[in-house]
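Here's the structure we're looking at; comments come further down.
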């Protein structure tokens, strides 16, 4: 059972089973809601302007990344991509160990995404469905931890990581981020509203252990919710800057964000290079977003991230 | 069939609750095993460092040298340090410049996105999440170039209007504005979707009735949309305050990795000042004192939030 099931969890997060995971998803929020009345032209103008503001910086990043630094300093500017992309991309890989940094980021972000999906689902399942001494008290503590602003304690965090001998290692990035209070809260909400007690009891009668009930019954039901949670964990881990910046020292351990900064240091003037690096670091997330962006939007509209 | 039985009629040992005692001993411990990972991780990497900050702040603590207990000296030193107040002022300025336009724009966009008959709704919603998935490090490189004094697209466009060029990186106001634009750009779409989520809970009848009474889009916006969003507006004000107190990457990178963010510290934020003292000067004690000051500010912001939101609840 073990190998196949852990394979499923990885699929969920890498997006391979997106279609299957969401066949039971509720209808797109908002389709039957919202105010009526005719949509005026200026509404489209406003939304179009906002969409332009959101997309243009990325487009501009690609233009400079596909031409050269001269484009970035030329007036009037170039507005179509050039053919220099692969040359500059090659330079990025030559200047810093970029491939290694992408692999590092993938490892860190995937571990945190999977960790969130599984560990938070486990804890959420226990809080939603299992009765044990201290259940409510412990859950209250989980909620209260959300109010403790721990990110500002970076100096002692560094000291603890250093005592563990984890400075300049990837586990210093992965382990602290594997679960979160918010994730537990979110999974508990989903499990208590979608997994029926009757179903669990039927499984008990059939002799299933608690673990089997979680892994065979509860987790498959909340897999869409766990997937969205894992996605948000993946994105924030991929984009994290401060903590990797503090912990990582050697270039072969860099995550892509730190590699981008290193690119900027190496050749301050070479914007084409810096933009290529930025574009390459954003590309995996853009691809992921095209595949599963709908789910992320639906996750936010679900009210999940209102805190 | 058994799946439809009410739980009370299920005979022991199949229940999940009252029959707990009949489960094997190991099974009765599993709930604790399921919630343990979070508590262990939070204890080691969250709570312990949090408490330890208050302790380290009382020392002259050099990571590669001595640790001397000096009581509250770090705090008196901090309060007399013009660099601390400069960083505080910068942080507040950047926070205001980024939050107010961001929330106003998000309100307006959420109101428009809430149209039931809007076309391309999914495209608009998705494009607004693109900045959120773009990393800060990449954002800074693009925006610093777009806002460049000599070669930036923005100054080129401003040139047509006969103003500028502005030096956004080297001046105080310019750098604050540039950082604020980057922060607002990253978050306004996300905030819009939060508002939209909340708006969709407003019954359509309310808007319909207003429409029949002849209230146009603007009146509906002022009298229905804004009031119904009050709780989530307060929530976003608080989260953006807490986020604003921690702005770090943007000021670090717009000046090319200089910890002071410019020769006169014109855009050094509190987080950056903390980092400079802790990891630049190896003054862990002083850096931790700045961390404690930041904690206090976050807690004050949270209390203000609590008071505001309970007042709004009382009004209803």
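The backbone N, Cα and C atoms fix where each Cβ goes, glycine too.
Within the set A:19-39, A:166-186, the record from TrEMBL flags A:166-186 under the feature transmembrane segment. TrEMBL lists transmembrane segment for one of the ranges A:187-212, A:213-238, namely A:213-238. Residue ranges A:69-91, A:138-160 are listed, and TrEMBL annotates A:138-160 among them as transmembrane segment.
Long-range contacts of the transmembrane segment (A:102-126) within its own chain (CB-CB distance under 8 A, at least 6 residues past either end) are made by residues 9-10, 12-14, 132, 135, 142, 170, 173-174, 177-180, 183-191, 195, 214, 218-219, 222, 226-227, 229-235, 237-238, 253-257, 280-281, 284. Using a Cβ-Cβ cut-off under 8 Å and counting only residues 6 or more beyond its ends in the same chain, the transmembrane segment (A:166-186) has close neighbours at 104, 107-108, 111-112, 115-116, 119-120, 123-124, 127, 142-143, 145-146, 157-158, 225, 229, 233, 237, 240, 243-244, 247-250, 253, 255, 304, 307.
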